[in-house]
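> What TrEMBL lists as region 'Disordered' is 1-24. The compositional bias 'Polar residues' annotation in TrEMBL covers 1-13. The domain 'Alanine racemase N-terminal' annotation in TrEMBL covers 39-255. Annotation comment: TrEMBL describes Lys61 as N6-(pyridoxal phosphate)lysine.
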Amino acid sequence: MNTLPKSSVTSTGHEQHGRYPQAGSVDDFRRNLMQVRQRIADVSLRVGRDPQEVRLLPVSKTFSEPQLRLAYEAGCRQLGENKVQEAYRKWGNLSDLPELRWSVIGHLQTNKAKLVARFASEFQALDSLKLAEALDRRLQAEGRELDVFVQVNTSGESSKYGLAPDEVATFLQQMPHFSALRVRGLMTLALFSSDVPRVRTCFASLRELRDRLRQEIPAGVTLDDLSMGMSGDFEIAIEEGATVVRVGQAIFGARAIPDSHYWPSA
Ligand SMILES: *Cc1c(COP(=O)(O)O)cnc(C)c1O
């Protein structure tokens, strides 16, 4: 007899932004990971979802290679990075760590597609045909394939990257031309705001878009995954159907480098 409301997150954690304590030991990382996983499990169960449906992607941007090694020792086997050159450097310097995979989650310039093609196991910010074409060509040359997410601008902010929601259907129809790209789903960044209903609207609109698109996707494209939610808002995202949450600060600690370095809008 569950009398809890179906969704009940009423505040974002964005006021914590910049205040998370630094993780400086394997134990710190173990504790932070456990806490985040517990929050994922709690919110999933509350809305009747299986916590196993939600993948936690730890986001390690700005943190040093020694810190990434601690995170690895605490169990992280996949790390998300926003900037490809930073990711590529870390990949090279941490290549002694078995089974560590890299997910590039930030905007990519076409001329850097060859770096992603070389080392990434996932790319979450596909937002143009030109980029799809460049990635596919570079992947073919490397003999690799890549899981990709199409980034959608659900907040309507002109400074945010991603396709407009009404461009996604046409875009997906082109994807079968790029045989090295395996489209897995959609990704979005919500409005960065403490206004929960407006944040929730971003996530809900990505899910609704996905549900509509599913009826007309071409062969080879799957839209099972929705990558949405970060430290301040991942619980709202899970309530709205996220299958991947990208969490940095709640695991690694506050970042010294301002987010404007990563998100032109911040
Ligand atoms: C940095 C970043 C995140 C994680 O943000 P946190 O506040 O550290 O959890 C998620 N997604 C993208 C695209 C990012 O650049």
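Every residue, even glycine, has its Cβ placed from backbone N, Cα and C.
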> Around Lys61 (N6-(pyridoxal phosphate)lysine), how many other CB atoms lie within 10 A of its CB?
21
> Summarise the model confidence on the domain 'Alanine racemase N-terminal' (39-255) as a single mean pLDDT, whole number.
97
